[in-house]
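Listed in TrEMBL for this protein:
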- Cys364-Cys376: disulfide bond (DISULFID)
- Cys384-Cys393: disulfide bond (DISULFID)
- Cys432-Cys441: disulfide bond (DISULFID)
- 46-296: domain 'Laminin N-terminal' (DOMAIN)
- 364-408: domain 'Laminin EGF-like' (DOMAIN)
- 407-442: domain 'EGF-like' (DOMAIN)
- 1-28: signal peptide (SIGNAL)
Amino acid sequence: MYLSRFLSIHALWVTVSSVMQPYPLVWGHYDVCKTQIYTEEGKVWDYMACQPESTDMTKYLKVKLDPPDITCGDPPETFCAMGNPYMCNNECDASTPELAHPPELMFDFEGRHPSTFWQSATWKEYPKPLQVNITLSWSKTIELTDNIVITFESGRPDQMILEKSLDYGRTWQPYQYYATDCLDAFHMDPKSVKDLSQHTVLEIICTEEYSTGYMTNSKIIHFEIKDRFAFFAGPWLRNMASLYGQLDTTKKLRDFFTVTDLRIRLLRPAVGEIFVDELHLARYFYAISDIKVHGRCKCNLHATVCVYDNSKLTCECEHNTTGPDCGKCKKNYQGRPWSPGSYLPIPKGTANTCIPSISSIGKCYCNPLGSVHDRCNGSGFCECKTGTTGPKCDECLPGNSWHSGCQPNVCDNELLHCQNGGTCHNNVRCVCPAAYTGILCEKLRCEEAGSCGSDSGQGAPPPGSLALLLLSALLGTASALLV
């Protein structure tokens, strides 16, 4: 009995595992920036490449419509139902919550009935084009990790362009074109993502796959992120090492999946026929019930946390980096040029931490007194060559003393004694008795003048005077030690 139960559980586990296998946690690595390890030097930090979790980025965006008065309901108007384009008794009224369709309903919780959606004004000004720009802005660089999905409550548009910006909306570039007839609308041959390859993955295409006009069962438009990943990671995204390697080494590929803003350009509503029915223009409008954008804050592999505070996303940078995207080294950590982290080698990657140094024009200001020492070495640390030592060149080597920098000792109390009763002053000079001179008081002053005769009074010292000088020196030394 127990064996049969075990076999049943095992069979169930195998079934679940086989179902789950094609869906790996694609971005599951790199969730720790550093950890403590034990080495011969003791406990130290081991740094790793790291990144925030992928999440629903629509929670953090701001939406802008152009023209700003394109939303229906002001003034109130009627429109035709999607299921029956000739039943035109539905009402949009911005002053009545139950009948209003403001832009924020593109990002609210789905699953309610009836569904909530944003809706444009109808095409009542035909033949003037009915065109709308919907701009999604994050005020932060983000990396896309899953398909962009747009769900229409109306028919999918006959013509649409999805655009991206990498500079906060200053410039735009197309991501993908959508049309019922690509050649007629955009002078492009129709393609799908399946027609691309590793070598053409960055190609901007026009697809007819998602523009089938006014059909009740066809509401969704995709921009395929994962299908593009699959060119490098395989059909089930199992070979992530290959994708990570490409993202590491190919900046254009990395930038392709990076945005600060997205713009949906609705150029022509779903018509469904060759000609527009001018007698029923209330049939034609745009309505979007949901937009999904999954991604993560771009932190250059230097952070695992991205906080949303005061309506702003910011990376909590590690590895001694700073900035909204961890895009530069902290002050005092500019010992080598900033570099993004690397995915490789999997699974830890390479942190490329910023290392300590205060540098200015190739010189290290390492000493607390502000003296400029030798040039920084290749790692950004002070390379002490002027009698100094220590991490900041703030200590003097033996035989040197600090005087606006480390200078060699002239005298000391160990090897370089002042002679003939002289005393050493701050290791810089000997203070000699009146009769003596020289660096160590080693010369009679009369010798320099050539007047050391017997009648000069500066000949050999009188008997006992040398003994008195030595005694004075010893007493001075003893006094210094007692003090």
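Each residue, glycine too, has its Cβ placed from N, Cα and C.
All annotation found in TrEMBL is predicted automatically rather than curated by experts.
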Grouping DSSP H, G, I as helix and E, B as strand, the residues of the domain 'EGF-like' (407-442) number 0 helix, 10 strand, 26 coil
Within the domain 'EGF-like' (407-442), what mean pLDDT does the predicted structure show? 84
The answer, for which of the disulfide-bonded residues Cys432, Cys441 has its Cβ ringed by the most other Cβ atoms inside 10 Å, is Cys441
